[in-house]
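Participant: A single structure is presented below for examination.
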Amino acid sequence: MVDARGSTPCLIGDSIRNVNDGNSLDFQYTNQFNEESEASRLLTPQTSSNHALSKMQKDDDIRDRSYTSVAELNREGALLTDEVDLENVDASKVRSNRDDLEAEEKRKKLLLLKKKQRNKSINSESFSSPSLRASKSNSLITSTDPVEDHISKYSSSGTPENITGEADDEDEDIIRNSYGQMIKNNSNRPHLAKGESYQSAEQEIDHTAPEKSEKRQERSGRSFDRQKSSAEFLRSLSRSISRGPTKNKTVSPSKGEDSRMYSTSNYSISLVDLENGPKIIPETLEEEQEDAEKEGVLMEDEGNEEYTKDLEEAANKAQPQ
């Protein structure tokens, strides 16, 4: 920092903050530059605004045309400001909650109307001729599960009978399977809560059914197969229990030690025979070997086997002389 006289202040024993540099050349040049820039800005305000606008336009040209900036909307008057009369805003296109409620009510009415039409079509199909229903049931493609399991009776003319009266018990037992065939409903048998069992239900089915082969062909919830498999399982279980070893076997005191038995799941032997087993087996093998030697079955390895005279004579004749 140099003052007007060209000398530098001495900082020995003093601080730089206490130095008066108002007369320095650097301070005078800085103040003069700031005053000139402020005067030029005050004299030409229109020029600065035009420069800013041109710069914005250049930026807009460079930017993507599909994007609209907030500044553009504000210049065009698209944004609501304090200068706009908010009371005169056109709100005719704004949807209210009342319109939503009316639309919801209309939608519910349409759904109810469609449901009624569907019920009418189902009722009309149920009153159709039995021949048409039979032709539909024969096809696996067109057959569907019925809405109601109750099947009404038809007269020879094709009109339904006993529609208003009470349904018979036979009709309640008849249902339609997934193939469209009419079968008896035996899915609720046996009724275990009433004390029935699978054996009683199987006997009842065999007694009431005219032919057993036809009963097996019906698909009544596979109740017949379940009853049969359960009966077979019970029989096999009783057989396996009867084959098992007798746990409560009494031993008579007169037999003594010979009555002690070694039992397994399949057989039982005496403990005496079990202890004497290693001695009995070699004796049995020796006896069998002696019997075989007596019968002439075994041959010695030394080559001094004894043959009968007939065999020796036949062998001598066969040898070439």
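In case you wondered, yes, glycine gets a Cβ from its N, Cα and C as well.
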Participant: Among Thr8, Thr44, which is the one flagged in Swiss-Prot as phosphothreonine?
Facilitator: Thr44
Participant: Among Ser69, Ser152, Ser229, which is annotated phosphoserine in Swiss-Prot?
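Facilitator: According to Swiss-Prot, the phosphoserine annotation belongs to Ser69.
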Participant: For Ser69 (phosphoserine), what is the tally of other C-beta atoms lying within 10 angstroms of its C-beta?
Facilitator: 12
Participant: So among Ser69, Ser238, Ser240, Ser242, all listed as modified residues, which is physically nearest to Ser121 (phosphoserine)? Use the C-alpha atoms.
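Facilitator: Comparing Cα positions, the candidate nearest Ser121 (phosphoserine) turns out to be Ser238.
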Participant: Just the number: how many Å between the Cα atoms of Ser242 (phosphoserine) and Ser69 (phosphoserine)?
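Facilitator: If we compare the Cα positions of Ser242 (phosphoserine) and Ser69 (phosphoserine), the gap is 95 Å.
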Participant: Rounded to a whole number, how many Å is the Cα of Ser238 (phosphoserine) away from the Cα of Ser69 (phosphoserine)?
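Facilitator: Just about 90 Å between their Cα atoms.
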